[in-house]
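Visitor: Take a look at this one; I'll ask things after.
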Amino acid sequence: MSMFNVHRKEITWGGRKLVLETGKVARQADGAVMVTYGETSVLCTVVGAKSQKPGIDFFPLTVNYQEKAFAAGKIPGGFFKREGRPSEKETLVSRLIDRPIRPLFADGFRNEVQVVCTVLSHDLENDPDIAALVGTSAALTISGLPFMGPVGAARVGYVDGAYVLNPLVGDLPKSELDLVVAGTVEGVLMVESEAKQLSEDVMLGAVMFGHREFQAVIQAIIDLAEECAKDPWDLPEPPAEVAVVTGKFNDAGVPAELAEAYKIIKKQDRYAAVGAVKKKALALLTEAAEIAVAGGILKHLEADVVRGNILKTGVRIDGRDTKTVRAIEVEVGVLPRAHGSALFTRGETQALVVATLGTGQDEQIIDQLAGEYREHFMLHYNFPPYSVGEAGRMGSPGRREIGHGKLAWRAMRPCLPAKESFPYTMRVVSEITESNGSSSMASVCGSSLALMDAGVPLPKPVAGIAMGLIKEGTDFAVLSDILGDEDHLGDMDFKVAGTVDGVTALQMDIKITSITEEIMKIALGQAKDGRIHILGEMNKGLDHARDSVSGNAPRITTISIPKEKIREVIGTGGKVIREICEQTGAKIDIDDDGTIKVASVDADAAQRAIDWIRGIVAEPELGVIYNGKVVKVVDFGAFVNFLGSRDGLVHISELARERVAKTADVVKQGDVVKVKVLGFDDRGKVKLSMKQVDQTTGEDISAQLEAERAASKRERHHED
């Protein structure tokens, strides 16, 4: 009899088998589910602390997604040969899992919860992210933790006008859409997508298609939970101090004072006024237990003020209605030495965005389970503490910065020129210099402007807008271009980026149990209106790409050579190509198909490198004169290097017009000479002549020599 009490559910989903199994691995975790989709397997575990840490006024949820190299039969690189810090993908998938599960934990639950998803097998066809999200939902559902799930998730593609459920990794490049949607039976909680300028209707259809298709997964999780779910945790009753403190605040008029403070339009002044009200409110309390619950109560009071005003009057914190976008100011070319730059300001949110162009040598090499590849477009988002008027830690980017940068990257990528027509590596850096909401979308707008300022031929400008939602019962209001407070106190963060023709990126996070198709449709339509308005403001600064790349950027010239000549251009151990780069100052990239990219800020340097390469691959032509260098002197002549790495022999009889006794009397190693191709011997070796070329002018004097010989011959004949 087995020592394991295994429970297993299996369904066919998207043409592949999905298996949920628990009871064999990681049995000491509160919940552990092994998910297998195709031959991709992910172990998802959940552990909750049995008690709440004192003084915690937030929900401490941590999600760690990790990919093990052995899952794809690989050994990690590097000196230590083991997995190290999380990769960008691991960070992004961790956020992808966190976002739909966080709002489903019971209000007031403050125990620490840790989710760990470990990729144990990867078939290189089914991306582990969907399996990890499904497994996390299943593990939480059976754990007994106060999780109001389960959650389902699916990836949606769009090929030839039809939606595709969970497209294979190899099929995604053919898809016009890569969308991940997660939600409950009732509605959608999270969307993350990249699209090739698709309409709002197509995007909404994809979301609802995914929602329908993952219902089978939710049912499988429910069936598993009915067999093996642990007893639900007992939630502690709200402390008695909550009612006491709420009463004290109401009696002291704190809600009314907060309402007055939130009428101040300027962010810093408003924060100061709100802070003063909170300080005054806390002074009413003397007991430690009362102070411990005061923060949460004040936040609820703030939310009631902000949300109530919007739903009742349609007027927001800064005086706008629900559809108005803040004032926009655009400047381009703000940094004199940068290849492209833009300062994008929208209200109190500002991004300084800089584009830099490089060569193939600057591409980022990314090593993933699916294999190594090179990325020629990078977008990095930085959020320094001064942008919100604070002093804080500076260091490597956090999860939020990585996620925001990737969202802007997704928004821009569908509109970038093909690598074949624009062979530059592009790096965009967005420095957030002021922030009051929608900084990631400001990064999209600034990136579009900076790239066009750098001369990157974008077919159309790209803009982004962040939408919000206030929902109470059946009443709701969709907000365009949300402020930071509207994000924190609202029910939705819905970001849409795209061109005048369609959507390129969409990200949605819901903080309530779910939203309906009706709300999403209104939000998408309102976002389109806002995006078109923003594009119009951007066009006032720059409406199309510069005619050429910046004068500070390298100029890349592409030439092609026969593949069999690549070895000659590179040389033994890279000797030849290194010499070309060192002598000319140009950068050279050689592809396996014989495509060569020569880059240099100095056009003359690039041309010298091109001429050198063409000389190497050119075949010597009979009767043509070339410049060369003597590389070896022997008794019977001199070997001369010409046409790059090609050598030929100048026989001693072809060194000079007069008779030569010793080769060294005429040339020495290192001499620069002019030679004419006389022909080729049986082995393909080149026969050269110096005497048939005027070494000063480079002119062909063979006719003159022939005439002299003929005259000399006639003279001898006459004498005879």
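Cβ coordinates come from backbone N, Cα and C, glycine included.
Pasting the relevant annotations from Swiss-Prot:
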BINDING   Asp487, Asp493  Mg(2+) binding site
DOMAIN    554-613  domain 'KH'
DOMAIN    623-691  domain 'S1 motif'
REGION    695-720  region 'Disordered'
COMPBIAS  706-720  compositional bias 'Basic and acidic residues'
Visitor: Return the single residue from the binding-site residues list (Asp487, Asp493) that has the minimum number of other CB atoms within 10 Å.
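Guide: Each of the binding-site residues Asp487, Asp493 was scored by Cβ atoms within 10 Å; lowest is Asp487.
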Visitor: Using DSSP, what's the helix, strand and coil tally for the domain 'KH' (554-613)?
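Guide: In the domain 'KH' (554-613), the DSSP-based counts are 32 helix, 16 strand, 12 coil.
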Visitor: Quick one: mean pLDDT on the domain 'KH' (554-613)?
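Guide: Value for the domain 'KH' (554-613), mean pLDDT as a whole number: 90.
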